[in-house]
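**Student:** The structure follows.
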């Protein structure tokens, strides 16, 4: 059953996207054996200007290596590439709302950004919006809570529509 999700993910991409991912995968698969090893993964990160310890690389590999064979195959590589671009977009959106860069989004920060985007809502609406995702009860939205909010757009739409 787990492979069904991966297969449907692969079917939703265009052939050109698949070809681009294959080219990138082949570039990182230095020895051409069809899989990326820990050392090749280290070279991937170095090429992007980041270096990690072997322990950190092994942790990254463990997260990506769906079939637990100690390597990243092309399917696993494609899956992580697709999901990481989404994660980057969510991080960028969080940073947009986090006006004072303290790692938390307040109701007034949400209010300012939504109003700039042309959405009409009150600070009270934003407080209610935060209340739906504020699992730690601090009255703010941290990154984890923001991810939850972004994956449930009905929270935003419902709160703003009810104003």
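Cβ atoms are placed via backbone N, Cα and C, with glycine included.
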**Student:** Using only what Swiss-Prot says about Ca(2+) 3 binding by 98, 100, 102, identify which of 89, 109 is listed for that site too.
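**Tutor:** For the Ca(2+) 3 site that includes 98, 100, 102, Swiss-Prot also lists 109.
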**Student:** Nearest to residue 98 (Ca(2+) 3 binding site) in three-dimensional space, by Cα, is which of the binding-site residues 40, 136, 140?
**Tutor:** 140
**Student:** May I ask for the distance between residue 69 (Ca(2+) 2 binding site) and residue 134 (Ca(2+) 4 binding site), taken between their Cα atoms and rounded to an integer number of Å?
**Tutor:** 38
**Student:** Using the alpha carbons only, what distance in Å do you get between residue 40 (Ca(2+) 1 binding site) and residue 145 (Ca(2+) 4 binding site) once rounded?
**Tutor:** 34
**Student:** I need the neighbours of the Ca(2+) 2 site defined by 65, 67, 69, 76. Which other residues of that chain put their C-beta within 8 angstroms of the C-beta centroid, in sequence order?
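**Tutor:** Going along the sequence, the neighbours appear as 64, 66, 68, 70, 71, 72, 73.
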**Student:** Return only the integer: C-alpha distance in Å from residue 134 (Ca(2+) 4 binding site) to residue 76 (Ca(2+) 2 binding site).
**Tutor:** 33
**Student:** Show which residues of the chain containing residue 65 (Ca(2+) 2 binding site), separated from it by at least 6 in sequence, have their CB under 8 Å from its CB.
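**Tutor:** Non-local contacts for residue 65 (Ca(2+) 2 binding site): 71, 72, 76.
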